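Have a look at the structure below, then the notes.
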Amino acid sequence: MIGDQEWEEGLAARSQQAREAWRAAVKRVIRRTLVFLGVFGVVAALASPAPYIIEMPGPTFNALATMDGRDIITIEGAKTYAGEGNFDVLTVQTRGGPESLPSWIEVFWAQLSSENEVVEYSKIYPAGVTKEEQQAETTQMMLDSQRDAVAVALRNQGYKVDSVVAIDSIKKDGPSFSKLKVDDQILSVNGVEVKWYEDITNVIADSGGNAVDIKVLRGKQEKTVSIKPVLDTDGKYRVGIFVGYRYEFPINVKIDLGDVTGPSGGLMFSLSIIDLLSPGALNGGKYVAGTGTIAPDGSVGPIGGIRLKMIAAKKAGAEYFIGPMTNCDEMVGNVPAGMKARAVETIEDALDFLSDIRDGTPISPTLNCPATK
């Protein structure tokens, strides 16, 4: 009986050991599974879409040259001259959009590079604005920029260019949608004659939200409509229209930069047209790149992504860079080594800089921004 008891006790001990071994094995499997799931979860999280847009230096285009076998700028009705050197229009590329956001790991790596900018998605694509609407707006900006650039260049060359302010597009959910039409010429707002874009915005901004009377010319008929401005997301009163200038050009100038959009090429378009209409090389045959909007009065306005555009210019081989004075805060300290830059307020400032380049006048390596004086 004692032997049987010892045998049973031994069997029980072995069974207990087996159960403990089994439990240990199960625990190891569970731990490994949890580790795997944890790693998998981290990887999945890093691979998930991030609400950001990655910006980087984009391609450059010499406005004096060709694109896909065709001239970027063509002029008919006037004597033209072959362009020399470069007047590069600069761009910024983006990674991410409504259809495909970058992953968190892509955003992480982008932040490690000085040649990238990581921007919140909502700053590029505001809530309530579709990609199609934004594309239409930036395309219209390019068209307006081209028209303004032609006007500034032709006026510089002594041509008489008449202009009016007309509606380019209307917000579908805005207060003007059912009252105004695209191509309506705006004659006055609350009795104030409209010659410039600011004539409209100033009156509306001062309206306090009260209805304004907008007088337009539609075809050959004048029409006055009352529209109540609404507060936009920036806290300013607006009536939901986008306007531009319509010109009567004495000669035909066409600019074709493919699917590039936005207004930032205006300055370089104007300089390129002036060059093509003038004997000699406006840039002295040098490699000049630049960016900036151009207004009908020749003033140069701010643009986005100027640091990245300077990098793009340097990579392309630019010796000189022209940018808006209003972007000085981003230009100071970011001009690539070996490239000389000038901040300008007007087309005349840019032409003075080009004159210095042609004449061989020493160009200061110090940027002429207020912060550097």
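Any Cβ shown, glycine's included, is placed from N, Cα and C.
Remember, TrEMBL labels are computer predictions, not curated facts.
Taken from TrEMBL as is:
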type: DOMAIN; residues: 262-357; note: domain 'Lon proteolytic'
type: TRANSMEM; residues: 33-54; note: transmembrane segment
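Averaged over the domain 'Lon proteolytic' (262-357), the predicted model reaches a pLDDT of 96. Helix, strand and coil content of the domain 'Lon proteolytic' (262-357), in residues and according to DSSP, is 40 helix, 20 strand, 36 coil.
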